[in-house]
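What follows is a short report on a single structure.
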Amino acid sequence: FPQQLLPSFFLLYLLMYLFTLLGNLLIMGTIWREHSLHTPMYLFLCALSISEILFTVAVTPRMLADMLSTHRSITFVACASQMFFSFTFGFTHSFLLMIMGYDRYVAICHPLRYNTLMSPRDCARLVSCCWAGGSVMGMMLTLIVFHLTFCGSKEIHHFVCHVLSLLKLACGKETASVTMGVILVCVTALLGCLFLIVLSYVFIVAAILRIPSAEGRHKTFSTCVSHLTIVVVHYGFASLIYLKPKGSHSMDSNTLMATTYTVFTPFLSPIIFSLRNKELKNAIQRSFHRTFHPLSS
């Protein structure tokens, strides 16, 4: 970061960090209080909010502290812990988006079997699998990276323990193969989730097009808009950061883009779900009305 811009970025990231926490807590509190939202779709949304809060808390506070510090250093254990949590909650987020797509597929393509296929026990099992899968991925990738030998410069060109920046500091014969393996595992898992989401929406769109009335098609598709928007934002921004051509940006601009992505995408989620999901937006309004105008309700 250019030194003269650090205070501005610090303030921007701090406001986004606080809004991310408050926005996701508001969504969780509303889902908890409103019995009409005690459905599988909102259970998954609540789990998604938890993963975004934990991801933000694991990464952003340390980054904000380093932006104000003149001596930016991190211990080996702290760096490994930060990488583990960022991997865990990042993959959990992608897995949850995948099962939210599956939930929409079952609700639209198999509505008569929805209560059977998406029972509370099955939903809890799916959420548990997402968290378990994210934890396994986080532990496996962190152990692989930190079993490498690091020599020469100990300076990470990033404000967090970013895996690609850390792999550039490794040395030894196995470094190239490990680096390629880590990248392949991450890309395969994330693109696998994206493929299943896209496949779900292929069947969803086909089912919606068979609905005779335009109003019915619009009403059905509106239940998918917030989830589909989050998927586009999540994978669209990630593609801009990680799939851009090499050498197209300087190291400072790459760091700025990756750091902004880390803070920006969790910030957008509560905004999108609050504005694009009519049922959730109405529930939030009712909750505020009961809280601040209890006598008029």
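Including glycine, each Cβ sits where the backbone N, Cα and C put it.
The model shown is predicted, which means the values in this text are computed figures rather than measured ones.
Copied from TrEMBL, the annotated features are:
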type     : residues : note
TRANSMEM : 6-29     : transmembrane segment
DOMAIN   : 23-273   : domain 'G-protein coupled receptors family 1 profile'
TRANSMEM : 41-64    : transmembrane segment
TRANSMEM : 84-102   : transmembrane segment
TRANSMEM : 123-150  : transmembrane segment
TRANSMEM : 182-209  : transmembrane segment
TRANSMEM : 221-243  : transmembrane segment
TRANSMEM : 255-275  : transmembrane segment
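Between the transmembrane segment (6-29) and the transmembrane segment (255-275), three or more CB pairs separated by 6 or more residues in sequence fall under 8 Å, so the two stretches touch.
Here the listed stretches are 84-102, 221-243, 255-275, and the one with the most C-beta pairs under 8 angstroms to the transmembrane segment (41-64) is 84-102. Against the transmembrane segment (221-243), the recorded stretches 84-102, 182-209, 255-275 differ in Cβ pairs under 8 Å, and the greatest number is found for 255-275. Here the transmembrane segment (182-209) has Cβ contacts under 8 Å with residues 91, 94-95, 97-98, 101-102, 104-105, 108-109, 137, 140-141, 144-145, 163, 167, 217, 220-221, 224, 228, 231, 235, 238 of the same chain, all six or more residues outside its ends. Counting same-chain residues at least six beyond the ends of the transmembrane segment (255-275), those with a Cβ under 8 angstroms from any Cβ of the stretch are 1, 13, 16-17, 19-20, 23-24, 26-27, 45, 48-49, 52, 55-56, 59-60, 63, 157-160, 162, 165, 226, 229-230, 233-234, 237-238, 240-241, 249, 281, 284.
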